[in-house]
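S.K.: According to TrEMBL, the record shows the following:
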- 31-49: transmembrane segment (TRANSMEM)
- 61-81: transmembrane segment (TRANSMEM)
- 88-104: transmembrane segment (TRANSMEM)
- 110-127: transmembrane segment (TRANSMEM)
- 148-165: transmembrane segment (TRANSMEM)
- 236-267: transmembrane segment (TRANSMEM)
Amino acid sequence: MPGLRRPKLLPNFYSLPAWVSLKMNKLTIKLIIWHMAVLILALMFWGYGSRVSSDVFYGNRFDGVAVLYFVLLLTAVVMGIALFKKKIWALTLSGIVGIIYLFQFGFTELNLLGAGIFLLLGLHSLSNSKSEINQRLKINTKRIFQSGAWPLITGLFILISFAVYQSPFSEELEKSERLPSASQNFIRSVVEQTIGNQIQTNNEREKQNIINQIANETFGEFNVFLKPYFKYAPPILAFGLFLILWGLSWIFIWLSVLFGILIFWILKKTNFVKIEKKQVEAEALVIE
């Protein structure tokens, strides 16, 4: 009606912008689940590994649980980087591993360097995985996991070596100027296998005493010979461990591939991930 003023429309405070919406899409939920899985595995591996490392170094045990955690962590990070295929997620997934490592072993300059190297190798893993995916007409999970795992396993070996370099075991070895007891046991077993049958005696106790005496003398000579070099024990031990792990890397890679194929099959069955066929254009080299 004329003369009447229209009421002002009240602002709708309940219509939020899209970027503020609390509703999460499926991709966001999957990202959260995957990051939580990597976080849990990183806590399990670095935490458990730091507790049993001294026993492993002293030769008291070989812990298969630490190996299992290592393979599962490697598999989870490789698969996450390959599945989500973005630099930001490659950085966050590898960053979780690096941050947990820093909290476990300290924010030293060497550890910060190792975490930074691991981030860069995470990007390298992404590049390898994307290249393997884009250059093939059919998805080959085995090749994808292999190409993506090599940079990351190198990064994990570097982090482990840095932790060993700064470990109490390395410092103790440097100060004690004496090989660990595991070396003495190893020398004794070598002596027993090489000259044990040549000892002419029917008394088993006397035979064992002779073997122990030879092993102890050999162990002492090794300590005397290596005494000037014990001050270099931390870097030598760390580099030696890196070489040993690198020599065994193919075992870890194949275990990771097996776990990855199994997990990928489960993800397909649960519709967490699916494979679609798409039309692609390919370049061809032509000479006219």
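Here the Cβ of each residue, glycine as well, is placed from N, Cα and C on the backbone.
Where in this structure would I find these features, and how exposed are they?
M.R.: Listed as Cβ neighbours of the transmembrane segment (31-49) (distance under 8 Å, sequence separation of 6 or more from its ends, same chain) are residues 24, 65-66, 69-70, 72-73, 76-77, 80, 83-84, 89, 92-93, 96-97, 100-101, 104-105, 160.
Remote same-chain partners of the transmembrane segment (148-165), defined as residues 6 or more beyond its termini with a Cβ less than 8 Å from a stretch Cβ, comprise 49-50, 53, 57, 70, 73-74, 77-78, 81-82, 94, 97-98, 101, 105, 110-111, 113-115, 117-118, 121-122, 124-126, 128-129, 132, 234-235, 237-239, 241-242, 245-246, 249, 252-253, 256-257.
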